[in-house]
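Before any comments, here is the structure.
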Amino acid sequence: MPKVITLPGDGIGPEVTAAAVQVLREVAPDVTVEEHAIGGGAYDAHGEPFPTSTRDALKEADAVLLGTVGGAHDSAWNQLPRHLRPESGLLALRKALGCYANLRPVRVQPGLEHLSPLKAELARGVDILIVRELLGGIYFDQDRKIEGDTAYNTMRYTTSEVERVAKVAFWAAEQRKGRVTSVDKANVLEVSELWRRDVQALRDRDYRSIHLNHEYVDSVAMLIVADPSRYDVILTENLFGDILSDLAAVIPGSLGLMPSASLGDGAGLFEPIHGSAPDIAGQGVANPAAAIMSVGMLLRHGLERSEAANQVDRAVALALREQPTRDLGGSADTQTFTRAVLKALGSSPSVG
């Protein structure tokens with residue numbers, strides 16, 4: 001049986017993860033779910049934010065479902081040495097899983113166009129998947145230093161790094177509309193010249209059915225808000241992807257509607273992109289939609305169960321229309337929204 005490791009974490013993480021697990025059990029009752037610790041709570045219990053017991057459990061996982069990590073700015077956790085802070089546990093988790101491709105869907109749900117800061121006619125029907133390279137580029141290269149009044153970082157990519165993340169983008173496009181926009185700055189950066197060359201060569205060799213075009217990152221930063229429907233799958237490197245994915249995250253109108261997946265050669269990591277929201281933790285009012293949509297991504301990309309993933313996506317869309325949560329202008333709390341999703345899936349609306 002497939003095994004999913006859950007890491008509820010801190011703040012509202014346990015609440016939204018519990019909701020997500022109920023949905024997972026409904027659509028995939030054969031999956032074994034096992035909970036482990038991460039983040040600030042893990043430090044309190046084990047003396048480290050990414051305990052050995054959690055690290056060992058990942059070896060048997062088919063997928064990992066993460067809640068949220070971290071506390072308030074003035075929390076005692078933030079006074080710890082950096083390597084013991086909750087966020088260090090998250091970085092160690094991603095490194096342990098070897099996740100090199102981050103998938104960030106940007107979808108405006110039908111009937112919720114009014115939440116977007118864009119005009120309704122621009123927001124309507126937006127459905128973008130941003131595929132970001134996660135382990136290379138300027139963030140990870142060790143050729144970096146501050147020397148007096150001079151500092152430098154190095155952006156470096158190899159063909160193998162480019163190809164492995166491009167394969168994820170092309171594979172995703174095959175499940176969608178068959179269009180990939182590769183984003184670079186090849187007019188001024190040699191590393192982007194390599195990126196463009198290798199992405200094009202891979203497409204021409206193995207993915208000839210995919211329509212590929214190349215755009216500069218500054219152009220995409222403008223067009224993703226001026227004409228977002230022009231995009232299907234966006235593929236880009238680490239730095240550009242970090243910026244573009246956060247820019248695009250405002251389009252749906254709430255971080256509570258933003259799931260994500262990080263994929264590598266082993267178990268994938270699936271998580272909502274919102275923070276731990278310690279100000280509302282324990283009140284039962286957190287929006288679990290992103291965590292539940294992360295289950296949809298887990299089913300699709302982690303367990304290869306596309307039909308179950310589609311069922312979750314449809315149920316969430318219906319629940320958002322019928323029982324919007326407080327951050328979306330409605331009144332539903334965590335349990336009420338979860339009941340609505342389970343009802344849409346044909347389940348008993350009972351929620352513990």
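Each Cβ is built from the backbone N, Cα and C atoms, and glycine gets one as well.
Quick look at what Swiss-Prot lists:
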type	residues	note
BINDING	71-87, 275-287	NAD(+) binding site
BINDING	Arg94, Arg104, Arg132, Asp218	substrate binding site
BINDING	Asp218, Asp242, Asp246	Mg(2+) binding site
SITE	Tyr139	site 'Important for catalysis'
SITE	Lys185	site 'Important for catalysis'
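Recorded features from Swiss-Prot, shown on the structure.
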residue: Gly71; record: NAD(+) binding site; DSSP (3 states): coil
residue: Gln79; record: NAD(+) binding site; DSSP (3 states): helix
residue: Glu87; record: NAD(+) binding site; DSSP (3 states): helix
residue: Arg104; record: substrate binding site; DSSP (3 states): strand
residue: Arg132; record: substrate binding site; DSSP (3 states): strand
residue: Asp242; record: Mg(2+) binding site; DSSP (3 states): helix
residue: Gly282; record: NAD(+) binding site; DSSP (3 states): coil
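The distance from the Cα of Asp218 (substrate binding site) to the Cα of Ser75 (NAD(+) binding site) comes to 38 Å. Fewest Cβ neighbours within 10 Å among the recorded positions His83, Arg94, Arg132, Lys185: that distinction goes to His83. For the binding-site residues given as Asp242, Asp246, the lowest number of other CB atoms within 10 Å of the residue's CB is seen at Asp246.
In terms of C-alpha distance, the listed recorded positions His83, Lys185, Ala286 place Lys185 closest to Asp242 (Mg(2+) binding site).
Arg94 (substrate binding site) and Ala286 (NAD(+) binding site) have their C-alpha atoms 25 Å apart, to the nearest angstrom.
Ranking the recorded positions Ser75, Glu87, Tyr139, Asp218, Ala286 by other CB atoms within 10 A of the CB puts Asp218 at the bottom. Calculated from their C-alpha atoms, the gap between Arg132 (substrate binding site) and Asp246 (Mg(2+) binding site) amounts to 12 Å. Reduced to three states, the DSSP call for Lys185 (site 'Important for catalysis') is coil. Cβ crowding, taken as the number of other Cβ atoms within 10 Å, peaks at Pro278 among the binding-site residues Pro278, Gly282. The number of other Cβ atoms within 10 Å of the Cβ belonging to Arg104 (substrate binding site), over all protein chains shown, comes to 23.
In this entry, Arg94, Arg104, Arg132, Asp218 make up the residues listed for substrate, with the farthest two CA atoms of the set 28 Å from each other. Listed in sequence order, the residues of the same chain lying 6 or more apart from Gln79 (NAD(+) binding site) and placing their CB within less than 8 Å of its CB: none are present. Taking Cβ-Cβ distances under 8 Å and a sequence gap of 6 or more within the same chain, the neighbours of Gly71 (NAD(+) binding site) are Asp10, Gly11, Gly40, Trp77, Asn78, Pro86, Ser276, Pro278. Ranked by Cα separation from Asp246 (Mg(2+) binding site), the recorded positions Ser75, Arg104, Lys185, Ala286 are led by Arg104.
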